[in-house]
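Report on the following structure.
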There are 2 protein chains.
Amino acid sequence: MDLSIFFVGTGGSVPSARRGLPATLVRLGADRILIDCGEGTQRQLLRSDGLADLTDIFITHHHSDHWLGLLGMLKTFELRERERPLTVHGPPGTKALLERFRVVFGRPSYGLSFVDLEPDEEVRRGGYAVTSIPVRHRGTAFGYAIVEDTRPGRFDAELAKALGVEFGPDFGRLQRGETVNGVRPEQVIGPERRGRRLVFSGDTRPTDHIVAAAYEADVLVHEATFTDEDVDRAQQTGHSTARQAAEVAAEAEVGLLALTHLSTRYHGREIRDEARAVFEHTEVPRDFDSIEVPLPDRGEPELHRWEPPRRPAPDPAPAAN
Amino acid sequence: MDLSIFFVGTGGSVPSARRGLPATLVRLGADRILIDCGEGTQRQLLRSDGLADLTDIFITHHHSDHWLGLLGMLKTFELRERERPLTVHGPPGTKALLERFRVVFGRPSYGLSFVDLEPDEEVRRGGYAVTSIPVRHRGTAFGYAIVEDTRPGRFDAELAKALGVEFGPDFGRLQRGETVNGVRPEQVIGPERRGRRLVFSGDTRPTDHIVAAAYEADVLVHEATFTDEDVDRAQQTGHSTARQAAEVAAEAEVGLLALTHLSTRYHGREIRDEARAVFEHTEVPRDFDSIEVPLPDRGEPELHRWEPPRRPAPDPAPAAN
């Protein structure tokens, strides 16, 4: 199943000409999971990957640069006559926060729910789960882990035949865990294969909760609002420096570290260089870049730079407002 | 004094890849007057003309595509440590509407006021006034006229000298309306010259209020959400077709008609062609295009297509959120 991370907005707190406000899209098979939704996210998507009917939305915390784009997007889904229900998940208080803004998006006919998650709560979906990770920002804030279900081990058909099991129903019995003609499943089936694991820190100071959740993750998307020159400021405002994020990645032994939520004072190179001095497999995506995450035995996660299409994607034609 | 209209967002109701949500900037000398502020307006400005410390903001009505971008922008001004007070004007209920969203932008230290305008109310500024025009949309909605003060007539210095008035304080007395050495001011000063007049329809069905306010205006910026094929739909939703907008412009004998608030179903050409069949001096600006409005005796208003700068403007470096 295809899995990739599409960086919709890689800035923090205020937008810049180059970086939109926080939003990251996870594309897992046909599912589209949005993490955070800063102002302008719907337009960023229209200008790049297209504005899909999102499967779920997860908000990391209640600072407005992380959710303000929801209001217009929820309204647009209604104008586009979306039919599929949509749930917005977030830390405690998310439901109350968004209910205050009903005046904007009303009661959409597609069925809209808001869910307050507890820390370490798991939201199960087909083939994967999303889990909230308590982090250390100003006020309650979550990171999220998206983890694929474990896949069964490889079945060695040649070996099974050599041991005298015939191709046909007996193969199925072995794969379901039954012993067939004295051949035990573990003789012909390899160890379970772990699913891919992506972790998103949200806004946070460095925290062991992210180290634990991201242990051997394929990709850790961590905030790096500052460089180490501003380490005191990072501490005061509940943010991380590039070096700190890289230390988290190194301790967690992740496959690839991607840094986002850059203050407008940085271009990206300073952030990347500082992090790479600690953890080499670091990227600083720009808006619309993506990271493809292959199955663990098929390669390493890799950054793809955005190339604009020759023509913009066709726009939907909704009712007028 | 330089006067131009900068088209920040020319779409309506939902954004598209090409057109942002409604926002139009009037640049009059050093003043920057924003009319409407759809989601993403601050980023549109950062990507083009720069996000200036706006002088005043006028909202046409309370549909969210016309004001949602205020919330993040008001917050950004605070993070950027704006010092100059800011007033947001709108139809009755604007103050109550925006107060509901205080949670987003708080109580900025620069001093933020919301003012509900009456229909036909004039807001005076240095050298010009902005007047609300009642229009016909769903719910209370305003257009706005921005009208420069009348300028005194031209002083004919050569003629004054020939009539025996000496260069010096006597010139000033004549210009202030005094008779000097038997020479009356009207002998050497031409008729008063009208100020430039810009009219913005906001969202509306065709209305005589706009015809009256826009009479002989230099530029009329009128909505044209639909083409005439959808005239019934325009009627139902309180919008105009391109033909209807052109008829308003023709009746008002404006200098130039600029059409905005296009439904995403149109590219612009259909809108332009339909309007030009009725009123030739019609343009359909794209995002970031501008119209320069020279003094009446110095030329005609003219559309300038946007050319992206070689490098984006430098970004401000605000505090982190």
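Cβ atoms are placed via backbone N, Cα and C, with glycine included.
Zn(2+) 1 binding, as stated in TrEMBL, involves B:H61, B:H63, B:D203; the candidate among B:H89, B:H137, B:H267 given for that site is B:H137.
Site annotation (TrEMBL, ligand Zn(2+) 2) includes B:D65, B:H66, B:D203; from B:H261, B:H281, B:H304, the additional listed residue is B:H261. Residues 2-7, 46-48, 50, 193-194, 196, 198, 218-219, 255-256, 258, 283 of the same chain sit 6 or more residues outside the compositional bias 'Basic and acidic residues' (B:289-313) yet have a Cβ under 8 Å from a Cβ within it. Long-range Cβ neighbours of B:H66 (Zn(2+) 2 binding site) (same chain, at least 6 residues apart, Cβ-Cβ under 8 Å): B:L21, B:P22, B:D36, B:C37, B:G38, B:I59, B:T60, B:G202, B:D203. Closeness to chain A is evaluated for the recorded positions B:H61, B:H63, B:D65, B:H66, B:H261 by Cβ distance, with values under 8 Å counted; counted residues in sequence order are B:H63, B:D65. In this structure, the C-alpha atom of B:H261 (Zn(2+) 2 binding site) lies 10 angstrom from that of B:D65 (active site, proton acceptor). Secondary structure of the compositional bias 'Basic and acidic residues' (B:289-313) per DSSP (helix as H, G, I; strand as E, B; remaining residues coil): 3 helix, 6 strand, 16 coil. Reported as a whole number, the C-alpha separation between B:H137 (Zn(2+) 1 binding site) and B:D65 (active site, proton acceptor) equals 14 Å.
The DSSP secondary structure for B:H63 (Zn(2+) 1 binding site) is coil.
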